[in-house]
Protein chains: 2
Amino acid sequence: MLGIDPGLTRCGVGVVEGLPGRPCTMVAYHVVQTDPGEELPLRLLRLDQELTRLVAEHEPASVAVERVFSQHNVRTVMGTAQASAIAVLAGARVGLPVQTYTPSEVKAAITGSGQADKAQMTSMVTRLLRLDAPPRPADAADALALAICHIWRGGTRSKLAAAADRVRQGGTR
Amino acid sequence: MLGIDPGLTRCGVGVVEGLPGRPCTMVAYHVVQTDPGEELPLRLLRLDQELTRLVAEHEPASVAVERVFSQHNVRTVMGTAQASAIAVLAGARVGLPVQTYTPSEVKAAITGSGQADKAQMTSMVTRLLRLDAPPRPADAADALALAICHIWRGGTRSKLAAAADRVRQGGTR
């Protein structure tokens, strides 16, 4: 599963392997950065190229993107909304299912509380993925949390169902 | 020139030919619609596919996109911001220069007043392009206005400079 925490200046990407109800394993994380001094078309183009490359590199079964909310700072929300469109498109364009989650859905899935703060989230992600140190920067932890949430919320369910069908039909995998 | 008035439900596209200070000619206009009942990834994907197709079909020298402003209704502005990212990307991805204009820049260029209302804008676009009837729906008129604004604001300047260079160097065109 590939999780994307959208941002125009810093966009977190987390790749996690796992099945619902089982421990997850971190595959990789990345932060795509674009220069705020650069023009918007170049920033969006760079984000598109990097996210498209990471999706092709990791070949996830599906993509989870954090849903943008309007109650945040209105200026930054515009850039975040634009980055989220590019993130959703990077998955949809290659035919992957793309699911969006609100920040509180992700927090609730990871910590049990929709009100968890950044430190609690980072600490839980570090524990859940059995990492030696917290992922840095925080954008990466958020993206990994999204990927874990997506796995636990059944993002892999259709894959499992398909595998179960194959077993029932006498296949080996 | 291809102008895009971004919207997730209705996205206007206007194609206009012309040079700064000269009358402009309408080539075509389109409104790309996506179903508000459809999931976001499918809507963004459809918008991307349609805009990419229209850019390829009309082969504009450059693309103008209306800049999204935060003072509008915060709920609709999110969808508009996402649509504008797709619009900017549709031009940037094929290597075209993409310019953004604020609504009042476009209004001022077309009517002489940054405060012009929709009816004044539609009426001026109809006159400037010498159309028999106003373009319908209004999203199309806004997109055509953007393309005209882009031409008048010198969107073609670099093309002209290149042509002048060729003439100076003894070329025929």
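The backbone N, Cα and C atoms fix where each Cβ goes, and this holds for glycine too.
Per TrEMBL, the feature active site maps to A:D5 (among others). Secondary structure from DSSP puts A:D5 (active site) in a beta strand. Counting every protein chain shown, the Cβ of A:D5 (active site) has 29 other Cβ atoms within 10 Å.
The active site annotation in TrEMBL covers A:E66 (among others). Every protein chain shown contributes to the tally, and the Cβ of A:E66 (active site) ends up with 25 other Cβ atoms within 10 Å. Secondary structure at A:E66 (active site), as computed by DSSP, is strand.
Neighbour density for A:D139 (active site): within 10 A of its CB lie 23 other CB atoms from the protein chains shown. The active site feature in TrEMBL is assigned to A:D139 (among others).
Look at TrEMBL and you will find A:D5, A:D139 tagged as Mg(2+) 1 binding site.
For A:E66, the entry in TrEMBL reads Mg(2+) 2 binding site.
Geometry remark: A:D139 (active site) versus A:D5 (active site), CA distance 7 Å. A:D5 (active site) is 6 Å away from A:E66 (active site) when you measure Cα to Cα.
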